[in-house]
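Participant: Can you read through this structure? Questions will come right after.
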Amino acid sequence: MSTVQVPKLNTKDLLTLEELTKEEIISLIEFAIHLKKNKQEPLLQGKILGLIFDKHSTRTRVSFEAGMVQLGGHGMFLSGKEMQMGRGETVSDTAKVLSQYIDGIMIRTFSHADVEELAKESSIPVINGLTDDHHPCQALADLMTIYEETNTFKGIKLAYVGDGNNVCHSLLLASAKVGMHMTVATPVGYEPNEEIVKKALAIAKETGAEIEVLHDPELAVNEADFIYTDVWMSMGQEGEEEKYTLFQPYQINKELVTHAKQTYRFLHCLPAHREEEVTGEIIDGPQSIVFEQAGNRLHAQKALLVSLFKSVEELS
């Protein structure tokens, strides 16, 4: 049994990283590192987590299911298309019914508004496993990976190059929360959501973080400690081939990384499209830590699950 204190969270759900304080994020990361060293701890014995998927998944499904098993609980896969919700049952009714059967819900879907409604109407914790707007579990794992490499966030520069998508949104909020310097470089028209950038800038004023949204990839990666990218076409965007030409200057390759620190590390949330957003030379090279990063999804989510479940128990 763990001797490390389980972090107390002042939230029932995790829909975006706005809901966590800097202190809570750091505590979750430290707890995740502990769980990484002590995989089999039955901290959620007998608990059931419902896993609702409307989008394809490898890392999210396997890491949540494996995490629940390692914690002594059970992950129950629920296909959104096969549930009554896929045939017109309301999100509200679904939330209330599932609250009678299971102990928590993880949902990976398109509409962030649906996840917000699910959380509002359920009496059990709801975790956002990905929406079109946010990917908080990925960002937690990313912060954990950076922290393992540097043991600090102060003075660390993270450069995100590519599409200003859901991953970028969560990284902006994450970087702002922990006081990190984050630069984003996207083509014109593919910047991150303006409202989310405003939120990140407001948080940064309180934490001392530095947030920049640019269009020059060389300027963005200048002296960066970490370079991060994602696919140019997210699920549901296939067929927008004109993006390839527009995004080509934003490819992470050996020329671009010369502007970063020599000791930079490469991050990618995966799946990757080699020779599109990143060359094989970079993602398979010695400075890439993408598979360690993917592995940390398991540990960060385990820490989150235990903390949310325990915090809700104490509040009830």
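Each residue, glycine too, has its Cβ placed from N, Cα and C.
Keep in mind that this is a model prediction, so the values were computed, not measured.
Reproduced below are the annotations present in Swiss-Prot:
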BINDING   Ser57, Thr58, Arg59, Thr60, Gln84, Arg108, His135, Pro136, Cys137, Gln138, Cys269, Leu270, Arg297  carbamoyl phosphate binding site
BINDING   Asn166, Asp230, Ser234, Met235  L-ornithine binding site
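Describe the structural context of these features.
Facilitator: Long-range Cβ contacts of Gln84 (carbamoyl phosphate binding site) within its own chain (separation 6+, distance under 8 Å): Thr94.
All protein chains considered, the CB of Asp230 (L-ornithine binding site) has 27 other CB atoms within 10 Å.
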Participant: Can you tell me the CA-to-CA distance separating Cys269 (carbamoyl phosphate binding site) and Asp230 (L-ornithine binding site), as a whole number of Å?
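Facilitator: So the Cα of Asp230 (L-ornithine binding site) lies 6 Å away from that of Cys269 (carbamoyl phosphate binding site).
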Participant: Of the binding-site residues Ser57, Arg59, Cys137, Arg297, which one has its Cα closest to the Cα of Ser234 (L-ornithine binding site)?
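Facilitator: That would be Ser57, the closest of Ser57, Arg59, Cys137, Arg297 to Ser234 (L-ornithine binding site).
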Participant: What's the CA-CA gap between Arg59 (carbamoyl phosphate binding site) and Asp230 (L-ornithine binding site) in angstrom, rounded?
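Facilitator: Here the two Cα atoms are 15 Å apart.
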Participant: Looking at carbamoyl phosphate and its recorded binding residues Ser57, Thr58, Arg59, Thr60, Gln84, Arg108, His135, Pro136, Cys137, Gln138, Cys269, Leu270, Arg297, figure out the farthest C-alpha pair and report it in angstrom, whole number.
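Facilitator: With Ser57, Thr58, Arg59, Thr60, Gln84, Arg108, His135, Pro136, Cys137, Gln138, Cys269, Leu270, Arg297 as the binding residues for carbamoyl phosphate, the largest Cα distance is 31 Å.
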Participant: If you draw a 10 Å sphere on the Cβ of Ser234 (L-ornithine binding site), how many other Cβ atoms land inside?
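Facilitator: The Cβ of Ser234 (L-ornithine binding site) has 16 Cβ neighbours within 10 Å.
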